[in-house]
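*Asks:* Okay, handing you the structure first.
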Amino acid sequence: MSEVLTVDAVLFGLLVFSGIIGNIMVIYVVFDCAKLCASRHLPPSDTILVHLCLANLLTSVFRTVPIFVSDLGLQVWLTAGWCRVFMLLWVWWRAVGCWVTLALSAFHCATLRRQHVSMGPLGHSRERRRVWVVLAVVWAANLLFSLPALVYTTQVRGNATVELMVISCTTRPLLGCVWEFPTFQQGYAFASSSLALNEVLPLVLMVGTNLATLQALGKHIRTVRAGGSTGAELDRHVSSERKAGHVIMALVALFVGCWVLQVAAVTYYNHNRGAHAEGLLTVAHFSASLFVGFSPLVVALGHGKLRRRISGILQSCMHRLKQTQDKPAEITEKDGRTTQSAMK
């Protein structure tokens with residue numbers, strides 16, 4: 001393995017495993033915080049966040065980790081049947097991640113623009129039910145769209161030239177799994193529809209939703225300031241709304257930036273395959289994992305409860321590690337005192 005490849009593999013591995021650890025930590029902390037609440041229910045925004053982290057976690061474990069392993073030189077091949085299953089899962093989880101990110105942004109925008117806030121257990125229950133229905137539709141609709149992977153996926157061994165790339169799965173043959181359509185026209189139609197429905201449309205809607213969120217956030221802050229709230233309560237409420245808006249906008253901006261690079265690379269490959277195709281695919285290779293790796297960090301740093309809870313967990317782990325390191329020193333010191341006493 002060359003030195004450059006080793007550096008690339010190390011950087012890519014850091015992205016992969018930081019994404020896995022980050023998503024697991026966010027999911028754990030969200031459920032842990034829910035257990036401390038009186039209602040013991042996940043808030044709607046945290047429910048969407050858990051689904052986003054779950055989709056990212058599944059994508060990292062079942063797709064990005066095999067990519068990292070293949071970068072290290074270990075080749076693993078699946079049978080044709082398992083290739084169809086894995087291709088279905090890759091397309092499904094990738095598309096779910098796109099649409100759940102949009103759902104998180106849209107939920108915050110709708111919350112800011114809403115005139116009447118649902119109060120009481122019945123109102124909160126109704127809002128949670130609506131969120132679960134939307135998430136169920138997202139998972140089910142994307143599963144239906146991913147079903148062609150069960151038909152048009154095949155298995156190859158050794159070096160293979162990819163004639164067509166479908167952006168929702170991977171930018172290269174992985175585990176020996178590639179797309180195989182009866183004609184190039186059919187494959188191009190599926191790749192184009194996948195690009196339009198699962199990439200371009202969510203990206204455009206995210207940008208529009210972010211702009212609407214900025215407008216609604218400004219209007220909401222002006223409305224709160226015009227009300228009769230006290231100074232401390234007003235500052236706390238405005239600060240909370242701003243932080244929530246900044247977190248979601250940073251998350252969407254990270255998503256848009258990473259996914260635009262991958263969309264551009266795969267589109268260039270399918271249409272041109274010029275001299276820059278290999279370099280662009282390398283950029284796409286990293287950008288696809290950049291969002292998965294850094295999105296938990298963005299969420300953890302911007303979400304007040306998550307930030308405090310994760311900080312407490314990290315401090316507890318550091319304290320336990322320090323105690324573990326201090327114990328051998330204490331034992332050695334006690335043994336030394338015992339030996340000195342015996343000599344006397």
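Keep in mind that glycine also has a Cβ here, set from the backbone N, Cα and C atoms.
The structure displayed is predicted, hence computed values, not measured ones.
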*Asks:* Quick check on LEU321 and LEU217: does Swiss-Prot annotate them with the same topological domain, i.e. the same side of the membrane?
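*Replies:* Swiss-Prot topology: LEU217, LEU321 on one side of the membrane.
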*Asks:* Kindly assign CYS83 (disulfide bond) to one of the three DSSP-derived states: helix, strand or coil.
*Replies:* helix
*Asks:* Of the listed stretches 11-31, 48-68, 85-105, 187-207, which one has the most C-beta pairs under 8 A with the transmembrane segment (131-151)?
*Replies:* 85-105
